[in-house]
Each structure stands twice: as C-alpha cells, then as structure tokens.
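S.K.: Sharing the feature lines straight out of Swiss-Prot:
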- 21: pyrrolidone carboxylic acid (MOD_RES)
- 44-106: domain 'Ig-like V-type' (DOMAIN)
- 126-223: domain 'Ig-like C2-type 1' (DOMAIN)
- 150-211: disulfide bond (DISULFID)
- 160: N-linked glycosylation site (CARBOHYD)
- 236-310: domain 'Ig-like C2-type 2' (DOMAIN)
- 257: N-linked glycosylation site (CARBOHYD)
- 300: N-linked glycosylation site (CARBOHYD)
- 347-370: transmembrane segment (TRANSMEM)
- 371-508: topological domain 'Cytoplasmic' (TOPO_DOM)
- 382: phosphoserine (MOD_RES)
- 400-409: compositional bias 'Low complexity' (COMPBIAS)
- 425-437: compositional bias 'Low complexity' (COMPBIAS)
- 459: phosphoserine (MOD_RES)
C-alpha cells in the first residue's frame, strides 16, 4: 500500500514540476547580423499572456497571435491556449546579442525562461608575429628553430586558426588554441591566439606560411581571412646524386649544364684531370661560365668543351660549389651516346606481357588436356585393325601377302590364328578403357566428364569398325582356292583388301 502511495506522489510531483517548468527552443541561437530567427518558450498548460524582453530593444514586447504592434517582431507559436510564447525576429541586430527573457502568465503567477542569443561579429584580420628573429636581410639560417604567433582579435564567437604552407596543411608543431575575452563599449569580444614552430631546412626557403581564421561569419561570398609570411632561408649548396649528360657530339663544342640549389649565390670551380677552372675563366679547351639564377634558389652552371674528343667522354668532371654557409662537391660524367632508355615499362609493354602470359597458360592447359585424353598429337598414329597393323599402308601390304600365303600353306592353322586375334581384339578395347579410366582418375571432374564422353564415342566407332572388319574377313574366307592360281596377266596371286582408312575395296 505504501508503495502505491509513493508512486502516486511521485507522479503528482513530476506533473507539477512539468507544469511549473518553461522549456525553451533553442537554448542558444548563434546568428549573423541581419539573419531571421524564431525563439520559443513553452509551458504545459494554457497561458494568459506572453511578454518577451530582447537586449537592445527599448520596450518589452507583449505578443499575441491576434495582434502585432511592434514592426519586425511578431508572435510565434501555436497559441496561448497551447501554452506557447514565442517571437519571430525579422532581422537580428548586433545590439540584440545577450539573453532573451520570456514571461508567461499562468493562473495568477508568472513563469519565465531565457534563451542565449549570440549575434556573431566578424573578427579582425589575422596577424602573424615572428618570435624568431631573422637577420638584417630578412633571412634565417638552415637549422634555425622558426617560431611564429597568429592572433585573430575581436571576434564573436572566438575564431578558429589553421596553418598552411603554400596552400597545404603545415603539419608542424602548434600550441593549443588560446582564447582571451575583452569588453569594448559593453560588448564582449574574443581574441584567438596560436603558435607554430619547427626547424628550417632548404626546402622551406621561399615558401609562404599562412595563418587562416575560420569564423561563423564566413560565407561563400565572404571567404576566410588570412595572413601570410614568406620564409627566406640561407643554406649551403644542396647535395645531389652524380649527374650524367648524354647526347654530345664528337668534334663539336660540348655544353655541359648542371642545376644546383644554394642560398646565397654560390661560387663555382671545375676540376678536370687535376686542372682547376674557376667561374668566368678558360683553360685550354675548357670554359667555365658564371652561374645563372633560375629562380627559387636554383642556379644553372655551365662548362663548355671545345672540340669534344672520345677521350673527354671517359673523364670525370668534378664541380665544387661554395658560399658562406659551406661547400658541396658534385661529379659529372658526359657521353656522346643518346640517353639510355628508361627502365620502367610503359602501358603497352605491360599489356603485351599480360597477353603473352595468358596465351602461354592457355597453350599449356590445352597440351595437358590433349595428353590426358589422348587427343590430337597425343592420339594413336593409326586405327588398329583386327590384325594389329601399325599403319594403314603397311596393313594393306601385309594383308595381301598374308592372305595369299595363308590360303596356300596355313590351311586350318589360319582359322585358329584368326580366332586368337578375335579374342585379342575383344580384350584390347577393355584394356584401353581401363587405361583411360586410370587417366581420368588423375584429372579434375570436368576433364573426367569430357574424357568419358570421348570414350563413349570411340567405343561406338570401334564397334562399327569391328563389325565391318568381320564382314571383310568372312568375305576373304569365302574366296575360292582358285584365286591362288597364277594369273595370265601378271603371274601374281590376287587378294581383295579392305582399307581401314577409306571404305573401298582394293586389289593387290
């Protein structure tokens, strides 16, 4: 009983709290100046009146769905009887930033709720401040720890900061974003600060460091604001692999060009067979030119060789480039032959290789199939006859000779031989079939099925050939003995022979 009473009291208390509570939508409204918005306060029962106070407005708005007395502000909601008190603001002003208060009259008392209205203000242009100082000429030396700070002032809400190098994410070490608040003419604004740092390398020279702010007020027509700084780095000539120059003509003046990177401009000297040729000088057939600036800290270095000989192509040309930060040695080889082809394969070559491999695999599969089934080149060289001949032509000759001899000398012995041959012929297809079955056991299921199909066809063909041969043997035995007599034309015995390869009668 006490449990039921407790549940009832809890339900009543919950209902009372629900009625006494004013729900708001949204809790916080983040808007740009000039935006339109709707703010709503709700109660669980019917209300008598709806009053709303908006920062920056001189009077309290008494709103109802039945009238609209203040331009730019109208009632919003399903009606007072539904317990809803809301306002629709046509254009939000910067002075409206703050807390919007709604007051609802309920059965002789007044309930209230608040909504945070944040009107965004675009921050000032970002500023990059260098924490690491360059030299008088604005250069940093290679290996220096570069540090910079980006500040985005007076934004509402605070702006976010991101770093880029040449329009790519910097991916350098940064400090957490720091937000500082300040008040100006009773308006609270925020300033965002972040630092970035890393050790400089030659690749960082002439690159653009960008600090970009991201804010609520950014639009397609109003892109994010940013600040930029060009980093200048001094470094010794950059090492690179040995160079090779191809396509030079013998007995002509050869021009050898090498591109190197350095900051500031390097001094050049060539060493050829122990002889040193400085920039802007000529020594015999060798002339070294002044480095030519190409941009982005790159310089073109040229050596001219008058009357190039075959011996010149066997030499190693040593180049030394130096500036105030260090020196670097390079080795250059030259050749009168054309540039060697690239070792990489093009698309056509790859396709050709794939097709060739596919064809090779297909041929191997066909050979394996033919060998397993005894087809094509792996089949028998002749069709076996009841007398076990090895070839069609030989069988015809042997048939003629054996027939003539058997009719004159063998007599009854020939009959027993024929019976023995008939038994051998009956056993032969069975043995062949067993051999084929043994082969089929070693094959996959699909190959075994194909093999059985071929065996059935071969068995039917063999039976037909056997019946035809039996008829031929019967005909030969019925030939009278007078056929063994000597003919007056050629004085040789005659025999009628059935050719197994072609179904015709021939005379021997």
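One is the number of the first residue shown, and numbering goes on along the chain from there.
Glycine is treated like the rest: Cβ placed from N, Cα and C.
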S.K.: Taking the Cβ of each of the recorded positions and counting other Cβ atoms inside 10 Å, which one has the highest number: 21, 160, 257, 459?
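M.R.: Per the Cβ count, the most surrounded site is 160.
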S.K.: Take the C-alpha atoms of residue 160 (N-linked glycosylation site) and residue 459 (phosphoserine) and report the distance between them in angstrom, rounded.
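M.R.: Approximately 88 Å lies between the Cα of residue 160 (N-linked glycosylation site) and that of residue 459 (phosphoserine).
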S.K.: Using C-alpha positions only, work out which of the recorded positions 21, 257, 300, 459 is nearest to residue 211 (disulfide bond).
M.R.: 300
S.K.: Within 10 Å of the Cβ of residue 211 (disulfide bond), how many other Cβ atoms can you find? Include all protein chains, please.
M.R.: 25
S.K.: Using residue 459 (phosphoserine) as the reference point, find which of the recorded positions 21, 150, 257, 300 has the shortest Cα-to-Cα distance to it.
M.R.: 257
S.K.: According to DSSP, how is the domain 'Ig-like C2-type 2' (236-310) divided among helix, strand and coil residues?
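M.R.: Going through the domain 'Ig-like C2-type 2' (236-310) residue by residue, I get 0 helix, 40 strand, 35 coil.
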S.K.: Helix, strand, coil: count each for the residues of the domain 'Ig-like V-type' (44-106), based on DSSP.
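M.R.: Secondary-structure composition of the domain 'Ig-like V-type' (44-106): 3 helix, 28 strand, 32 coil.
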S.K.: Counting every protein chain present, what is the number of Cβ atoms, excluding its own, within 10 Å of the Cβ of residue 300 (N-linked glycosylation site)?
M.R.: 14
S.K.: Enumerate same-chain residues with a sequence separation of six or more from residue 150 (disulfide bond) and a Cβ-Cβ distance below 8 A; give 'none' if the list is empty.
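M.R.: The list for residue 150 (disulfide bond) reads 126, 127, 128, 129, 161, 163, 193, 194, 195, 196, 211, 227, given in order along the sequence.
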S.K.: Please state whether DSSP places residue 211 (disulfide bond) in a helix, a strand or coil.
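M.R.: Where residue 211 (disulfide bond) sits, the three-state DSSP reduction gives strand.
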S.K.: Between residue 300 (N-linked glycosylation site) and residue 21 (pyrrolidone carboxylic acid), what is the CA-CA distance rounded to a whole number of Å?
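M.R.: Roughly 80 Å, rounded to the nearest whole number.
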